[in-house]
């Protein structure tokens, strides 16, 4: 009769201690991510509320624009800090290409007169494939690279881009990309959030909508007697939900065409 050797008690204790340490590190990382996400979200929401209340009575728009940009930027950085350590290495190679795709398509749509943006398709795709962390990083990198190379007006919208990537990642985790109608609904909801975040920037930083199509909508709402903030909010709540619904639909179509073995390289790690 054969017997299996039992590891010495010292080795068993060492293995248990190592497993306990890994478990604690994992819990600490998860807690840090949650805290940073909550702080980032609260700062963005608080900045929005402050800007709406204070900016409405400000005589000079620059008085509201500086706190707005600062709050949104710090909020985006908190979201990034909370998620960057969770990005799969396999996703890092995708992010530069995703950012370039967003920039090129965003520039084309911006000059087309269409009241949409379609500059977050790759952000949503990366978020779906690799998770919220990669989505946040893709959104931030897109807007920073875009602003530093082609269009400086995109930099203040980095917070909105980060939130879009974050929500796309959580939509992927929740299985909302499995069916076309749930993907479209997720995009519509994401667009509502993005619209509220972006409206004060368009109003107080740039004095209206960005792009020919969206700017025309803002002008049309102002012609009816709406304030600049109200006009940009109405425009955003028209354009952004439709824009993100279309973007999520396109990502659903793209994802359906990607071989499962390729998707598994990311989905198993997100």
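Counting begins at 1 with the first residue displayed.
The backbone N, Cα and C atoms fix where each Cβ goes, and this holds for glycine too.
Feature annotations, courtesy of TrEMBL:
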REGION    1-22  region 'Disordered'
COMPBIAS  1-17  compositional bias 'Polar residues'
TRANSMEM  34-54  transmembrane segment
TRANSMEM  66-85  transmembrane segment
TRANSMEM  91-118  transmembrane segment
TRANSMEM  125-148  transmembrane segment
TRANSMEM  154-171  transmembrane segment
TRANSMEM  183-206  transmembrane segment
TRANSMEM  245-262  transmembrane segment
Task = Mind pulling out the one from 34-54, 66-85, 154-171 with the most Cβ pairs under 8 angstroms to the transmembrane segment (125-148)?
result = 154-171
Query = Short question: which residues 6 or more past the ends of the transmembrane segment (154-171) have a Cβ under 8 Å from it?
reply = 37, 40-41, 44, 68-69, 72-73, 75-76, 79-80, 83, 106, 120, 123-124, 126-128, 130-140, 142-144, 146-148, 177, 183, 186, 189-190, 193-194, 197-198, 201, 205, 244, 248, 251, 270
